[in-house]
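> As annotated by TrEMBL, signal peptide applies to 1-16. Annotated domain 'SRCR' per TrEMBL: 20-110, in sequence order. Positions annotated as disulfide bond by TrEMBL: Cys79-Cys89.
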Amino acid sequence: MNCAIFIFIVFHAALSEDVIRLVQPPDATYVGQGRVEVQHQGTWGTICDDEWSFEDATVAKRAKFGQGTGPVWLSKMMCTGREKSLTDCPHQGWGENSCGHERDAGVSCLQEGLPQILEVGCYRDAQGDRALNNMYASLRGNIDWHNLRSLVTRCAERAFELGYRYFGVQFYGECWGDDRPRPTYDKHGAGKGCTDASQALINYDMSSELMGIVESKDAQSLERASFSLLNSRHSGVGDEIHNFVYRFATWRDLGCWRDTGDGRTMTMLENFRGQIDWFHLEKTVEKCYEAAKKKNKKYFAIQFYGECWVSDTESYKVHGPSTNCWNGVGRDYDNYVYEVLF
């Protein structure tokens, strides 16, 4: 199974009908991660990762974003990246494969130029004693009730521009943030007055809104796709006296970049290869982030699945971009690079 070779692509216009969806598992680390499913003859099914990316990783024994049910519809996708839909790509044939659901393919998506957005949860607020002290935008006059996640994205964009690490969506369209040193979003306690955006969402148009970090060049077939997002744990918006709170990850994803043995672009800081959790490689990224932050480094990268490399400049770009990465880490002589934000 190989769930992400992490190539950046832009999602464009939506399909006219709901034939592709993103199923987000309960334990997803970030908003916008999930298993890709396609609809054929009225039945939803999954996509096998066979030739969806590079050779299968022998270290992973289950699908990154959970195993689906029903048929495995597609396998051996041979996309050029110019198709209007994933279903336009050459493939082995509908239902013609021997794959099991342990090889279901998935993607991670994030807003272009933003760090990843993490769900914090639903919290009560109080008029006159606001948990988040600044309503920095009101989008209530332009709510798309079929696409509340788009509203969350717009709140996130403005929050990041203002330097907020935490932001909340209240009253279905108010964006609240806080510039105080210690976040106080939880001062009135957890609440239940939030709407699940994934349940309100009928057709999630990623139209030039999201960048996908997806598996290999073949997955550029996700261009022009319209997704339904299912099974998000809590992701949503608050009612008139609740905030659904989000926070930004402390680093920004910069993608996969080539390295060479005789012309290193970064300096190795730590080696975590003996501590790799193959089912949760984000833990290795977190360790490298902590090590880089401690040394006041601006950029850090994972190479060879567990080596932590750092730099103060954009030297990682010297040899150009690569596709030889997997699940947010580089393979041999390739760096998956991140920028320290906070």
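Heads up, the Cβ atoms here are built off N, Cα and C, so glycines get one too.
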> Please report the number of other Cβ atoms within 10 Å of the Cβ of Cys89 (disulfide bond).
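Cβ-Cβ neighbours of Cys89 (disulfide bond) within 10 Å number 20.
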> How does the model score the domain 'SRCR' (20-110) in terms of mean pLDDT?
71
